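These features come from TrEMBL:
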COMPBIAS  1-18  compositional bias 'Basic and acidic residues'
REGION    1-22  region 'Disordered'
TRANSMEM  44-65  transmembrane segment
TRANSMEM  71-93  transmembrane segment
TRANSMEM  184-207  transmembrane segment
TRANSMEM  219-240  transmembrane segment
Amino acid sequence: MGDAKKPRDQPDDKTEKEEVGEEVLDEKLDTDMNYRHKYLWRRVLIHVLLHISWFIGIYTAIFHAKVATNLWMLFLGFWIAEGVSLGAHRGFCHKSFKMSAPLKIFLLILQTMSGQNSIFSWVRDHKLHHKYSDTDADPHNATRGFFFSHIGWLLVLRHPLVLEKQRQVDMSDVTSDKLFMFQYRYFLQIYFVLGVLFPVSVPMYFWNETLWSSFFVAYFVPYVTNLHIIWTINSFAHLWGSKTYDKRIKPKQSLFAWIVTAGEGGHNYHHTFPWDCRLSEYGRMGGLSSTLLEFFNYVGLAYDLKTASPSVIYGHMKRHGDATGQKRCIEAERRREREDLMEKWLTTLDC
């Protein structure tokens, strides 16, 4: 006799142990709501000026800038976002896929252009965020509310627990990489050339755009817009939505964040399976970045893409998901039963 057919939606213990890698909150860590962060007023002023410049840039784009400048702004905005999503996040931090040297350099350049700190700082903060999500050791702890998790965490002195844990987090994967450390040492100089001079110079040189329009439209609009797109995940996707895959953790499935980020709002899924390169179970339907990653894989620039199998996803969801997850599991079981009945019926006809 052959081996018994294993249910498709039920992982065995070995698979569960090897594949499921979510971080469940350490019960010893929480949020002390009596603690008051100290505002860093220089940072507050910088962000006020950034947003004033952003609004000026939007106005200029609508009423004064050339069409080519607006197209350049959209082009920059898209690729800079991919430097964060595919580069810093999925590739450099979670290592959910491997990349060729040209793709690594390309994504590192785009991440630098985003102005969202060096790879060292970005990866360090994101590792803390996953390990101590929504506690005082999380740099953008959503338990402190929408404003803090969206932008407020950048305006204050870090919580002592964040400072303590960031010294302990293992960063050997970054410090051992010569490219990453070169970027870390010379980040401001490289950013000024790639993130400021380059975007502003192109419209002025190629289609005689004014310095004003080039600076405010090609620099401030994509820069600040991408900041808010990333911050939307930190805030909306941690405060409102379902816990389809794991109700033990605080990140949510956020439709709003999904729309704003073009497919990265499945945050409960991401915190449950942080190593899955898709950030959702839907593959290319999960968003533009997933589709782009599949393209890079197709042309040989990206390889060894890590994904969670359906059996692991539904097995974990059945054990730990909220009501929406349980409903999904019931629907999957009914669908499987119908498929099994159809398979038996077709087998009978063949006989």
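Positions of Cβ are set from backbone N, Cα and C atoms, glycine also.
A quick note: this is a predicted structure, and the numbers were derived from the prediction, not measured.
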If one takes Cβ-Cβ under 8 Å and requires six or more residues beyond its ends, the residues near the transmembrane segment (71-93) are 61, 65, 99, 104, 107-114, 116, 119, 122-123, 126-127, 174, 180, 199, 202-203, 217-218, 221-223, 225-226, 229-230, 261, 264, 277, 279, 288-289, 292-293, 296
So if I exclude everything within five residues of the ends of the transmembrane segment (219-240), which remaining residues of that chain have a CB under 8 angstroms from its CBs? That is, six or more out. 50-51, 53-54, 56-58, 61, 73-74, 76-77, 80-81, 84, 114-116, 133-134, 140, 142, 146, 149-151, 195-196, 199-200, 250-254, 256-257, 260-261, 264-265, 267
